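Student: Okay, handing you the structure first.
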Amino acid sequence: MEDCEGVIVTERYGSQESWRYLLKDGRMKRQKDAGDGRPARNSVSGVFKSVFLPQGYPESVSEDYLQYQLWDTVQAFSSSLSGTLATQASLRGVGVGNQEATVAAATITWLLRDGTGMLGRILFAWFKGSKLDSEAKKWRLFADILNDVAMFMEIAAPHFPPFFTLIVCIAGIFKSIVGVAGGATRAALTVHQARRNNMADISAKDGSQETLVNLAGLLVSLALIPLVTDNPLLTFILFFLFTVLHLFANYKAVRSVVMETLNEARLSIVLHRYLLDGQLLSPAEANQKEPVFLSLGRTVPIKLGVRLGDIVQEPGELQLALKNNSKPYLIGIKNGAVCVCLGSDASVHDEIMAACQALCLRAVLHDVSSLGDALKQLSNTKDQWELVSQSHKMIDQIFQTFLKELDQAKWQTDWTLLDWNEWRVEWSKKRS
């Protein structure tokens, strides 16, 4: 082409800058593309990006990366300042500055706090470790709320000398839970953000960002400490302000995350809207409706991947579970819960189908007011095994179309974050 005369090669560094190689007087000359107004990598902003952002940004990360990291930076800064106030209170509580305090007593208090924290870390990971992937947003926000509670207890502890050790031990347990929940959910979010299998790079740059924020917090803390020393009222006022900012930033951070993988909450939102008016929500729309606080309300629980004995106790019930069912899973209603028993040959799509059917049964049992036509028909069935049988027919009619529309809406259907247990069952495929 005439306007490209002299240009023999073009190159670009991701989406950050582009260059041209010109042939002039028999020599190659490298020249920045005139239409590229972005700063070069060796500029101040370019160096800042290379130090604190993953390589290939923004193509190498999810679209919600920047917004999440900005809010995460705000919450980390406010948490750093709150932590300074809590540390000062803890040191005062163990006797720093008090001539009557002994080193042995302070050491014992510190060891008890650390010991109970270690025990709490192990127990929490045992009881809730498998939930942290499927409900990463909820546990991330829970961890930060619990961290604020723990810091408040540390600040208040010196004002209750007889109970100081007990209070800081409980706070230590809370902080250990925060460490497990916060670290695990951060890892889950890193997996979501990594679009080029670059989890290590994203994690490393997140550490750099956090270190920079903590350094800024340290500098502010140096000016803050003289103001709050021997001034408990100002300490509590500043802690309250920092906590409000911390919680608000955390809420905005988890709200900004748009996950394309299906967990129970997102699948429930998408499925019920689809059954109600035929509209399939995009990941962005469903994530905005997803609850981010741990629910304490009463609802019908769904148990995925249970033992066969949790669904049937006698041969007759097994036959009822197999009625109208040609799928690699069994489903039943026992003790007020919807239980799913998964076959050993079930695929990921089978898991999604089973979860959809369980969500439909829960909606009927929970007597949700806004039911679609298909669920209204199910709600007329009173016998629980007949309800399960009719739900098999309903899910057979809608699921393939629903799954196709999930793919079209850019939902991830090759793997899920549904909270399946490890029990798998094999049974005879012969129907009676």
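Even glycines carry a Cβ here, placed using N, Cα and C.
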Student: In TrEMBL, one of 102-119, 138-155, 210-227 is tagged transmembrane segment. Which stretch would that be?
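Tutor: Going through 102-119, 138-155, 210-227 one by one, TrEMBL gives transmembrane segment for 210-227.
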Student: What same-chain residues lie close to the transmembrane segment (210-227): Cβ under 8 Å, and 6 or more beyond its ends?
Tutor: 52, 73, 76-77, 80-81, 84-85, 88, 234, 238
Student: By Cβ distance under 8 Å, which residues at least 6 away from the ends of the transmembrane segment (233-251) in the same chain are close to it?
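Tutor: Residues packing against the transmembrane segment (233-251) from afar: 71-72, 74-75, 78-79, 81-82, 85-86, 88-89, 140-141, 144-145, 148, 151-152, 155, 224, 227, 292.
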Student: Along the domain 'Root UVB sensitive protein C-terminal' (279-427), what average pLDDT does this model show?
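Tutor: Here the mean pLDDT over the domain 'Root UVB sensitive protein C-terminal' (279-427) amounts to 91.
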